[in-house]
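Trainee: First the structure, which I've put down as structure tokens, then a few questions once you've had a look.
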Amino acid sequence: MFQHIKVPVEGEKILVNDDFSLTVPDYPIIPFIEGDGIGIDITPVMIKVVDAAVSKVYGDKKKIFWMEVYAGEKSTKLYGEDVWLPDETLQAAREYVVSIKGPLTTPVSGGIRSINVALRQLLDLYVCLRPVRYFDGVPSPVKNPEKVDMVIFRENSEDIYAGIEWQAESASAQKVINFLINEMQVKSIRFPHSSGIGIKPVSREGTERLVRKAIQYAIDNKRSSVTLVHKGNIMKFTEGAFKNWGYDLASREFNAEPLDGGPWMKLPADKGGIIIKDVIADAFLQQILLRPNEYDVIATLNLNGDYISDALAAQVGGIGIAPGANLSDSIAIFEATHGTAPKYAGKDQVNPGSIILSAEMMLRHIGWHKAADTIISAMEKTIQDKIVTYDFARLMQNATEVTCSRFGDAIVTNME
Ligand SMILES: NC(=O)C1=CN([C@@H]2O[C@H](COP(=O)(O)OP(=O)(O)OC[C@H]3O[C@@H](n4cnc5c(N)ncnc54)[C@H](OP(=O)(O)O)[C@@H]3O)[C@@H](O)[C@H]2O)C=CC1
Ligand SMILES: O=C(O)CCC(=O)C(=O)O
Ligand SMILES: [Mg+2]
């Protein structure tokens, strides 16, 4: 029994089998978090588009029963002012296996820690999967955006992103600094009395499970390479270790052999002959602009992955259409890559593309590929017809600028 979550009277749970495959009923219950800020604009549009695609493809034979669950500001209004992530929301994500969420606010320098990060950590959603590809007709700041076709596997549970840090001039920060100076002989804290301190945990286990997923994805989807992106020349025992552990895993579990003497490796032909390579993160950020077609599947640490996913999204038209998923072996929470864009909240103005494409990934995840295909082709047609929201319209000529909800309606109209 839940306190505020209302379980639909119809519909059934998606089940996880022993081998982590899913048993998906024809009438699954799918929890959703509306999200803060522009969540109120984009989430209802996503639901409308998904329902229309499912109905178009399967008639009455399949239907999603949506179940609202709460996090962020809406949760504080229902459960009490300090309750940003109620236990029953976590329970629903576990029990119902596949969910989707809008963006959630995190204040800068103070206030609550990220609810997004908490969800990922508490449910051990260790893969942040963010595919980035070009849709024909989308305005882009680069000459050949169609050369960008990458799938980012961002480690989602550790790194500096875990939020282990102490405020400057607090007793805790001073205690850690004293320990580092006196017991660990650290000499490179430039201003020990006024430094905040953050910790960057990166483990072999965390790296291996992420890189394993990335390589398996590359094999299953016939991709050409997996690139480990790191800053291991500077952070040797965290980012450098990520690179080494990644290569070790490729060799040990996938029989990769050194290529031309290494360090690059190649998987055997029966595993697609995929190249496993690495690149230092700053060089990678310039190469994705200059030679994006040299990169395919990307495996990287949490903070690098955050930066890289927004940078790559910009190359193909912006975070308004960049989708994503947070995955464990069993649980999945799909989410937009962008944030709450507070200045647009409630104005029915922003692009709902990111959360719609996240829902499209969700439909594939549950095996409803035809409904996913329907959304993709309808969205492509809508953009090619130059019916777009403000973010695209301001970069296009002769575009028809529509609201967030009208863009959703146009996608529905274009479903064949
Ligand atoms: N997963 C999550 O829930 C995430 C949450 N956040 C949180 O969101 C809040 C705001 O973060 P902020 O850094 O401003 O980043 P946002 O992604 O919210 O917004 C930055 C800018 O991106 C553009 N943008 C974002 N979403 C859309 C959209 N759907 N359609 C069109 N344009 C869009 C807008 O650009 P323009 O002004 O040029 O039109 C917007 O001003 C913070 O609290 C942050 O922590 C951030 C990222 C992810
Ligand atoms: O949790 C947040 O507020 C930001 C998260 C973020 O930027 C992301 O996951 O891409
Ligand atoms: Mg981000």
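Glycine too: its Cβ is placed from the backbone N, Cα and C atoms.
Since the structure is predicted, the reported quantities are computational estimates derived from the model, not experimental observations.
In case it's useful when we look at the structure, here is the feature table from TrEMBL:
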BINDING   T105, H338, G339, T340, A341, P342, K343, Y344, N351, Y390, R394  NADP(+) binding site
BINDING   S114, N116, R120, R130, R154  D-threo-isocitrate binding site
MOD_RES   K101  N6-succinyllysine
MOD_RES   S114  phosphoserine
MOD_RES   K143  N6-acetyllysine
MOD_RES   K243  N6-succinyllysine
SITE      Y161  site 'Critical for catalysis'
SITE      K231  site 'Critical for catalysis'
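Distances, neighbours, how buried they are, the whole picture for these features please.
Mentor: Sequence-distant neighbours of R394 (NADP(+) binding site): no residue of the same chain at least 6 apart has a C-beta under 8 Å from its C-beta.
Neighbour count (other Cβ atoms within 10 Å of the Cβ, all protein chains): 28 for R154 (D-threo-isocitrate binding site). According to DSSP, R154 (D-threo-isocitrate binding site) sits within a strand segment.
Following the DSSP three-state reduction, the secondary structure of K101 (N6-succinyllysine) is strand.
Within 10 Å of the Cβ of S114 (D-threo-isocitrate binding site) there are 16 other Cβ atoms, across all protein chains.
Classification of K143 (N6-acetyllysine) by DSSP places it in coil, neither helical nor stranded.
The number of other CB atoms found within 10 A of the CB of K243 (N6-succinyllysine), across every protein chain shown, is 24. When secondary structure is read from DSSP and collapsed to three states, K243 (N6-succinyllysine) falls in the helix class.
Taken residue by residue with DSSP, Y161 (site 'Critical for catalysis') is part of a helix. Sequence-distant neighbours of Y161 (site 'Critical for catalysis') (same chain, 6+ residues apart, CB-CB distance under 8 A): V117, N302, L303, D306.
All chains included, 21 other C-beta atoms sit within 10 angstroms of the C-beta of K231 (site 'Critical for catalysis').
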Trainee: C-alpha of K101 (N6-succinyllysine) to C-alpha of N116 (D-threo-isocitrate binding site): distance in Å?
Mentor: 10
Trainee: With the Cβ atom as the reference point and anything under 6 Å counting, tell me which of the recorded positions (T105, S114, N116, R120, K243) are near ligand 2.
Mentor: S114, N116
Trainee: Need the DSSP three-state call for K343 (NADP(+) binding site) to compare against my parser.
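Mentor: It is helical.
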Trainee: Reduce the DSSP letter at K231 (site 'Critical for catalysis') to three states and note it down.
Mentor: coil
Trainee: K101, K143, Y161, N351: which of these recorded positions put a Cβ within less than 6 Å of any ligand 1 atom?
Mentor: N351
Trainee: Taking the Cα atoms as reference points, how far is A341 (NADP(+) binding site) from R154 (D-threo-isocitrate binding site) in Å?
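Mentor: A Cα-Cα distance of 22 Å.
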